[in-house]
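According to TrEMBL, the protein carries these features:
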type     : residues                                 : note
ACT_SITE : A:Asp420                                 : active site, 4-aspartylphosphate intermediate
BINDING  : A:Asp420, A:Thr422, A:Asp1035, A:Asp1039 : Mg(2+) binding site
COMPBIAS : A:1-13                                   : compositional bias 'Basic and acidic residues'
COMPBIAS : A:14-31                                  : compositional bias 'Basic residues'
COMPBIAS : A:478-492                                : compositional bias 'Polar residues'
COMPBIAS : A:1494-1504                              : compositional bias 'Polar residues'
COMPBIAS : A:1505-1523                              : compositional bias 'Basic and acidic residues'
REGION   : A:1-31                                   : region 'Disordered'
REGION   : A:458-505                                : region 'Disordered'
REGION   : A:1351-1441                              : region 'Disordered'
REGION   : A:1484-1529                              : region 'Disordered'
TRANSMEM : A:79-97                                  : transmembrane segment
TRANSMEM : A:103-121                                : transmembrane segment
TRANSMEM : A:303-328                                : transmembrane segment
TRANSMEM : A:348-372                                : transmembrane segment
TRANSMEM : A:1093-1113                              : transmembrane segment
TRANSMEM : A:1175-1198                              : transmembrane segment
TRANSMEM : A:1204-1223                              : transmembrane segment
TRANSMEM : A:1235-1255                              : transmembrane segment
TRANSMEM : A:1277-1296                              : transmembrane segment
Amino acid sequence: MAREIGEPREAKSSKVKQQKKRRSKKESKTRTVHANILYDHAKGDDNPNRHYANNKIKTTKYTLLSFLPKNLFEQFHRFANVYFVFIALLNFVPVVNAFQPELALAPVVFILSVTAIKDLWEDYRRHRSDKEINHMDCLVYSRTERRYVEKYWKELRVGDFVRLRCNEILPADVLLLSSSDPDRLCHIETATLDGETNLKQRQVVRSFLDLDCEFDPCKYNSVIECEKPNNDLNRFRGYIIHRNGRRDGLYKDNLLLRGCTVRNTEEALGIVIYAGHETKAMLNNNGPRYKRSKLERQMNVDVFWCVIILLVMCLFCAIGHGLWMYQYGDKRPVFDVLSPEGTDLSPALSAIYLFLTLIIVFQVLVPISLFVSIEIVKICQVYFIHQDMELYDEETDSQLQCRALNITEDLGQVQYIFSDKTGTLTENKMVFRRCTVAGVEYSHDANARRLAMYQEMDSEEEECTSHGGTLPRRDSVTSHQSAKVVLRSQSTKSHRRTGSRAEAKRASILSKHTAFSSPMEKDITPDPELLEKVNDCASQMEFMRFHSQPFSHLPSDLSDIIDFFIALTICNTVVVSSPNQPRQKVRRFELKSPVKTIEDFIKRFTPSRLTSGSNSSSSSSLVTTRSASHKACSSILSSPSAESTLTKLDEERSRGGTLDHAFSPVPPSYDETKSLIQEEGELRYEAESPDEAALVYAARAYKCSLVGRLPDQVTVELPHLGKLNFELLHTLGFDSTRKRMSVVVKHPLTDQITVYTKGADSVIMDLISPPATDHSKGKRQRKILFKTQNYLNVYAADGLRTLCIAKKVLSKEEYASWLRRHLEAETAIQGREELLFESALRLETNLHLLGATGIEDRLQDGVPETIASLRKAGLQIWVLTGDKQETAINIAYACKLLDPEEEIITLNAESQEACAVLLEESLHYIQAKFLCNASTDQHASRVYHQDYSALHVPAPACSPYASLHTVPFLVHRLGLVIDGRTLAYALEKSLEDKFLAVARSCRSVLCCRSTPLQKSKVVKLVRNKLKVMTLAIGDGANDVSMIQVADVGVGISGQEGMQAVMASDFALPRFRNLQKLLLVHGHWCYSRLANMILYFFYKNAMFVALIFWYQFYCGFSGSAMIDQWYLIFFNLMFSAFPQLITATLDKDVSAATLQDLPQLYMNGQNSEEYKPYMFWMNMIDAFYQSLVCFFIPYFAYSDSDVDLFTWGTPITTLALLTILLHLGIETKTWTWMNWASIVFSVCLFFTVALCYNASCPTCYSPSNPYWTMQRLLTDPLFYLLCVITPITALLPRYFYRACQGTLFPSPVHIGRQLDKLPTEIRRHLLSQTRVKLGSLGALFASRSSSFAFSRPLTKQSQRQEKAVAPPQPKSTEVTDTPRSSKHPENHLGPSQKKEKRSHSQSQRSRVSALTDLLDNTQGPLRGPSLTDTDTLPYTRELPRTGPVLEPATLTAAVESSDHAWVTSTPLLPQTECIQLTLSRPGVSPVIPNERSSESGLSSDQRFLSQEDRMEHTQTSDCPKENTLKTTFL
Amino acid sequence: MASSYNAKDEDGHHSGSGGPAGPGVNKSKKPDNTAFKQQRLPAWQPILTAGTVLPAFFVIGLIFIPIGIGLFVTSNNIKELEIDYTGVDPSSPCYDCAQNYSWNSTAPCVCSVEFTLDQPFEGNVFMYYGLSNFYQNHRRYVKSRDDSQLNGDKVSLTNPSKECEPYRTNDKKPIAPCGAIANSLFNDTLELSHVNPNKTRTPITLVKKGIAWWTDKHVKFRNPSGNSNLTIVFQNTTKPVNWRKPVYELDPSDPENNGFINEDFIVWMRTAALPTFRKLYRIIQKSKDNLTPTLPRGTYVLDITYNYPVLSFDGRKRMILSTISWMGGKNPFLGIAYITVGSICFVLGVVLLFIHHKYGSRSTSADIPN
């Protein structure tokens, strides 16, 4: 799944190459499939399919025999393991050995075996699930028995014929050859593959389409040639070659994919094309991703430092040893033993040997168990995150899933969040809100009231109160369960590595969210006025039909209305089903249109009366086609080719067929209709996207209901007119590039070939045919266009999703010529996608606008709060959406992403150059606005830094950003809005730096109209260039690439299927869960792990340093006073448990406080728990502690008769106690488990020591510790040492922590103090955060005063800012927006603005910039928790590089060059803006003036201005100019 | 399959009528609301601030200083006398011996050192020999022994461990005891006599048993069994290179102190931790009546059979007489350490008190007043 998104693009680019190759090596590039029944044995040598993989799947990595070597081999890929094994092996060299070689192997073997056992267990689970799946049953045609017999899945082979029954899971990728469905369709549910719960239709291969008789495998002797197996779920190409040499194309619509479930189809037959591991489902199945977290990367640096320290220590000792030996000269002292061979070692050689020995002795310095410990801790963390009740969503019965196990701590370090909008911020429950038809707006007030009511209602109530809501749900559940059991085992296979949770999740989604809309989406209250008109219209039409009047007499507004609703009803891919038999589509009414059985679109289009040459009734056509199809059955492949159809078309044209033959007959019996009406309320619509369903429901509210959909026919029930069958000639599906979909139908009333198009307003508006300029109709058209555009803006301003509906009537000739080329495209085997795309573009031109709709997508619960709190946490939130700019902006306001008080920079450029200029100017603007008082800034920063040093937060020193750009950045109160096209330019290599420079200084960034690829590009850019931690969150397939690129990918397991979830590292039920996930779990995970890693380094260094100090007293001989057993097991056993417990359970701040004080999150963002200097501080502390632990026993035992190990054992004990107490100081919460683990560790040490020292008097050379510990325990000196040494060793740290807690508490510390306060006081404090922060930071006395001073100024300044217009190039809108309808007093009229915008304002702008800056810098300074903001790297140094532009001069400079002009469009509040333009159309405040001065501009520039005008939609001649625009391909 | 069917049906039904909180809940994936899983285990959350830590420092100070004083006094009550007899200084009586002696010389060199006790030694007096600059803790030296051989294992006796190299065999015969430690056995003989006022000498009884660990003497070290006559047992072995006499002649007078279980040998085999060390040599037992001091005030003579060369590695040899207390020999360090650490804690406590007084109140009260 993961790769799938990126694939098609790659595929396209490489397609050309492939095609070239294909010519030469055709055989290797395609797969040829013959039917197996033609050959004796499936595996026989003569079977051409024998080389293809069979259907047995084996996902295990190992076999019993290969496990050990293979697993070891894999483990040795990890460098650390190799290192430790190398050291262990070094021990086998006698000259250098330090320990008993066998013993030295122990830790490595232990670690390797722990990992191996884990792997083995996983593999065993895979094996079991494989086995289960391989032994599922399916029906396969047997040659010998001449019938279908049950076989295991694993026995299935390519070329087998399989028979699939309803609710069965497909065992392999099967080409559909026959279906019991009369339409030759097979419905499948692909939820296991892509999570989409709606049914997909698959078609029988064209050649077998008109087989009416039973498909007989024995008669099949065609050969299939198709692509090699690949993982693209949405592509399948190939052709089938029949005996007679005829070829037919095969498409993805013919292929049933493994893992899908057959629905609604009693029986289907197919031939296996890909089996087993070559199926698309399996090829898509790549396991969880292994990412390396930021913390681990940092850790690896320090591991490297450890190695360096180790080498330095060894080198030091080696030199020392050489010198030590050298001092004795030739006189060998008795204690300097010769080498085992009896040869004399020279000092140099001895030093070299010693170096190696010491590497072994000091190996613990490089923490062998750290890696294992980290893994264990992460698994525990994941477990706890899973268990969090607050991350559980009752409604969907889903909880958080961690799919990536090794990046939990990254959650605590995220700096940028990239969010999708629809489905992520919003519920993705589309509700029809209002519409405009033919330029008349129907506000649907009642509907709005209804929605308001729903908003108050609980979601639970929603489900129970509505009859329509509950019933279907239960039904859907029952209908699924039989399949679900099977499905479950299936999904273990197809997504085996996602774990059982994912699978259970999928099941729950299936049961609860089977694409049925909630009542909120269904019950739409119609607008009475519109309803009236519809009725009116319908009755008129009925009248006309009755009187056989041509429909063109219908008033155009009325016809528009009816067309509008017809378009809503049929221009979609909604499948109708009835609730009683869910997933059982509504059968068509008895009277079938004859064309059903004809295989070609064209054939269907060409009614039989044409062939027969008469105006015959449909019944006669039925007969003809029937007979034709019978013929087709007998000689399988005699279906008419496209050419013949076209001939017929030509024929018809020459005849000049008058097409007066009225609509196709209405279903005859009225009773039937009636019964259907009764049933109608229970019809349910399953749509691929929720807005499709919303529109259909909306249409139904106006009695235009969709009652049936077949591949070639849509049945619509209209008021008065009854049921109408629209012949569906073509469906040009929705795609994100075209942003629209079209259907070509034959209108049953007018019998015209009509194209209905529905799509994004920006696209559709461009495709509308320009109204004729002269006569009144054209004028009216123009007016409609203009009005509609205005309404669209209003909708967008309300945050509604807008769609435009348009239609086009084609003449037969036009259609024929289009059809000819379309057919070519369709039948093309290579490059079909592109050709079809172009063909669609050819059709969708010169449309006639019908109307527009506004659909509301409600915000999810708690989104504004979550965003506000995430922002407080210092996270930069970017929203990347495919939506229209205005909609996006409004949603952004609604969810508090944009603040009414902040300015918005809008970037809309039409070309690369324009974009460059735009970015440049924005940058200048930002600099001019915010940096013109650099001196003040510097002053501020200086003050700031002093505070910092006082705080002992070494923020300035370590910014990863410093290197990237020379210009440092502040995050301003700015919002950036950029649209997709501009984004494309901005993402070019040459501009990306500038774009980032602008974007990073903005508080929030909104990218509208962005494609999935752009989304991922943006994330990649930010991640790579700014070197920040990024998190991408989204719910749909279009977010997958973004999710994959980001450091942390989060999927919302919402309604749009599972694709995002499959690609994500974490899957959440709701957006609001992100808050807890990041602020609480992220923080905890990060601080726990960071502390554990630091502790690990400390622990090992401290332990090893003990031996290092000893080298000074043993002639640098590599001797260790610590028994080798202790030395080796110290890490593994004695000191391991407490740290694991602490790293798993420690909570520095409680969850409640973390959520109440999001500022604490910056702790992780700035890596405050684990900064590089901390490693060194820890090292220094470790060395100090080891000095204490070494020298107190040294002096206590100096010049005594103590022996080596009786002296070393107390040291070991002291080290253990010190290390544990050190952990105690660092532990923030002590649960009983912490106590238990520490007591356990100490007891374990003494028990082991006592047992070990009593076990064998002669073993364990050379230490021979017999009875040492026992003797020590009777020695009072030992106890005296145990008391004084740890205390002395930990005194500095303890003292430091105490002082830190009092003198310069970190925000986290304050959070902890808050925790301790009684709830009441806490709540009180948190409610007035500002006060609290001020008081907490009371030590920064100077600040509170400046704060008080800056506050009133700020407001003033904002006023002034509005007035200051920065110089901007054309087509920029630097909108100084007080754009909030909530603060109407802020809105100045444009004229006022213009007035104010004089150069003399520069002075004021400076003032405002200064105050703003003060506000900016003071804000963060207000409290200790806010001080964190400042550690954000870009706020670190205050900018002073770059030209400090005086706005006045800048303006002048810009204005002097005449191609640039300035707008200060008070774009928003939009309503206001629009009203203004409505009252005085054409007197748009700025643009006309500018235009007049612009006459001499190049066409390119003119172009820009036009675009700009489009933005504002003020000029009446806008549509005309639209034609100048190039259509976006 | 059937059970799953029913469960689902029920689930669907109940969620339809009563919301998802129905009996179907057992099917739901809702996490358990337990303190552990929700990470709400009751916990003690110490916050380290000057105020909270303050008492600890004072308590440590108050406990440590008395202990330190006690230790210091105890240590000071221990009487200890140290005599360096290496003979580096030409005026030293052993100067000649030191200069002339090497491992290979045959004739023993004897010298005497006279010393005076200013204070009587009471109770058992322990006599140590001390070596300086002798790296008994050298890695290769420490390893150079065969514990099995020393434990009386017959196989190891004739075929010592490779660890003993290059002191494993001599003249094709296995060395017993093998290894560098045994080879370098301290072989000076020290005798002590009291010089009476009439210049006559009264030899002082030096007890040579009980100086080794009991477990060493009885568990770790054993003579090869089979024959009480050690000469026969060690028949096929040879003495270590540097030794004057074989192992079975270490103490011919007492068979319980001969061979591998010779206590001087055992004491030597317990390798010292640091290059300057002392090893227990003899015990002078207190007089039975306990009325006269073990070593009364007066002049003593130490007779040394000077065998052990140390000058080659710049070593020193000492004889130490010491009484002991419950905490071992004389070592004022621990007492001083306790007093020092206690004082530091006290001082830090005062500092913290100051900090707490000046800043602490603000930071804690700052939370509350508003």
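A Cβ is built for glycine as well, from the same backbone N, Cα and C atoms used for every other residue.
Any TrEMBL annotation is an automated prediction that lacks curation.
When Cβ distances are compared across the two stretches, the transmembrane segment (A:1277-1296) makes no contact with the transmembrane segment (A:79-97), since fewer than 3 pairs at least 6 residues apart fall below 8 angstroms.
Annotation: stretch A:348-372 has the most Cβ pairs under 8 Å to the transmembrane segment (A:79-97), among A:303-328, A:348-372, A:1093-1113, A:1175-1198. With a cut-off of 8 Å between Cβ atoms, the residues of this chain six or more beyond the transmembrane segment (A:1175-1198) that come close are 302, 305, 309, 1094-1095, 1097-1099, 1101-1106, 1108-1110, 1113, 1207, 1210-1211, 1214-1215, 1218, 1222, 1277, 1280-1281, 1284-1285, 1288-1290, 1292-1293.
In this chain, the transmembrane segment (A:103-121) lies in contact with the transmembrane segment (A:348-372); the count of Cβ pairs under 8 Å, excluding pairs fewer than 6 apart in sequence, is at least 3.
In the three-state DSSP assignment, the secondary structure recorded for A:Asp420 (active site, 4-aspartylphosphate intermediate) is coil.
Distant neighbours of the transmembrane segment (A:1093-1113): 295, 299, 302, 306, 309-310, 313, 317, 320, 358, 361-362, 364-367, 370, 373-374, 1119-1122, 1127, 1130-1131, 1135, 1139, 1169-1170, 1174-1175, 1178-1179, 1181-1183, 1185-1187, 1189-1191, 1194, 1211, 1215, 1218-1219, 1222-1223, 1226; these residues of the same chain sit at least 6 beyond its ends, with a Cβ under 8 Å from one of its Cβ atoms. Here the transmembrane segment (A:303-328) has long-range neighbours at 80, 336, 345, 347-348, 350-352, 354-355, 358-359, 362-363, 365-367, 370, 1097, 1100-1101, 1104, 1108, 1111-1112, 1115-1118, 1175, 1179, meaning same-chain residues at least 6 beyond its ends whose C-beta is under 8 angstroms from one of its own.
Beyond the ends of the transmembrane segment (A:103-121), by six or more residues, the same chain brings 61-62, 67-68, 71-72, 74-75, 81, 84-85, 87-88, 91, 360, 368-369, 371-372, 1124-1125, 1128-1129, 1131-1132 to within a C-beta distance below 8 angstroms of the stretch. The secondary structure of A:Asp1035 (Mg(2+) binding site), as reduced to three states from DSSP, is coil rather than helix or strand. Residue density at A:Asp1039 (Mg(2+) binding site): 34 other Cβ atoms are found within 10 A of its Cβ, drawing on all protein chains shown.
Within 10 Å of the C-beta of A:Asp1035 (Mg(2+) binding site) we count 32 further C-beta atoms, all protein chains included.
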